[in-house]
């Protein structure tokens, strides 16, 4: 057999290029590409000959990288890494990804990963929902590209557009000189997004080879990385929409038979609500809604105990009318009824954070605006958003707090990094509003819609007590039970305590942890002391500040201070009993066993008797 040396191998490979390529692809190409794309600081990559590769070879190189990235469970990080390397491949200074979506029936592009460069970090480039840059399809280069589904190569941006476009776009003095923008479509030729590269590093315009390479890459993106299923994984908002969809449709959304409890169109007109005009629905509501003065929804001392849950739904609808927003913003009557009705169903039947609490917070917001005369500081649009936020603020509460969600490994804790439940309540409410049949904002223009959603974001997240100083008004509503008359406050306090104790039971049995005193039913006798502390360190500041500037809100502060006296009286009575027990224990040490001396909290807990007689009123002796 003839000896095989380097010359023989080279001649064979030269004569068989197809075999040579196949052998290289299967044995060496992956490692070579991996080395070239390594982010290690010690790697020196010679890129002088890199662009001599054919566009097909460059595309294949990136495809291999994408396959590896697709295995990454964190889709956003994978997409970011892909974009960072695409900047390298295209020799572009920066790149941005705009995703296509439909919102309120309007097609638009929104930034998701923005201003990516080879050395950028995900934290710098990932755009949160409240900071999106949105382009209608008839605006700008990216809007035009998405509209016509064709690539646009702008060789010299400085020669087009307004003079302001030539100015630096950030503090580094960076300017756009040339742009290559390409639509991303899926297999159905539907627009998915737009990928845009800015400024070739060598200062030259993007050329035909760049266009060819980009076309191959974006086609792959549309078919693989950005197909609808994976894009929903990347976009948390869409993911949440999927999570809630079944629940909304089958358990929460007001059904056709249920709406007849308020809009009894079958009985009156012999047809469904959607077959009636607004005047016909208005006539029914005028008869079925409860008179606002009779229900006392304008009063700070409003008591929900006197109303059924359906009454509270009707009162909630009335508050929108009293704000004057139904006609002004053309809220469809059927949508308004369905929305408030669905909110009531969205609250779980738990001890405290139920629909009654949700309504009470909304009613307090309404009363602050109207009776407290705070509405003069807000537009009608803002007032509507704040009322809606109040009604939505605890929807689908589980009766356990944020810390319990984290300790128990609840999926909500994995989905939301902070203010876990508050973000869940917010997304739940926004999910309802995305349904056409429930969307009370459907006739707002885009700017108005963005404002009301933004205000809801701020208000509901603010109910996380860790953030409460940032939005005292919403906090004042969430804590309003503490400022009700004593006969109401005492009952509500027991409901809150009972829900806390239920969580404490779960922590003790499920998590096998000792609950904190506030959650420990074995320390129920400490409730008056805890309430005094809650008033002193959390509530008092809020209502004192409001009353200082608005005399109309003084009744809330006065009732808060009165409740503080009532709780303090119970605390002192309990402490006196403890002192007497301690003296008796010292005087009779031989009778100090548990059988002869009552436990400190036993009599006091029996005094409350909250579980045996729900109709009992908590009052000091």
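Cβ atoms are placed via backbone N, Cα and C, with glycine included.
Note: TrEMBL annotation is automatic and uncurated.
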Worksheet, complete the sentence: Ranges in play 556-588, 589-621, with TrEMBL marking region 'Disordered' at 589-621
Practice prompt. Report the member of 353, 356, 357, 393 (the recorded positions) whose C-beta atom has the most other C-beta atoms within 10 angstroms.
Written response: 393
Fill in: Integer Cα-Cα distance in angstrom, residue 393 (Zn(2+) 1 binding site) to residue 478 (AMP binding site)
9
Response to the item:
CB neighbours within 10 A of residue 354 (AMP binding site), counting all protein chains shown, number 19
Item to complete: Measure from the Cβ of residue 355 (AMP binding site) and count the other Cβ atoms within 10 Å, all protein chains considered.
Response: 22
Item to complete: Show which residues of the chain containing residue 531 (AMP binding site), separated from it by at least 6 in sequence, have their CB under 8 Å from its CB.
Response: 493, 563, 567
Fill in: Within the predicted model, mean pLDDT of the domain 'PDEase' (277-574)
90
Worksheet entry | Cβ neighbour count within 10 Å of residue 478 (AMP binding site) | 26
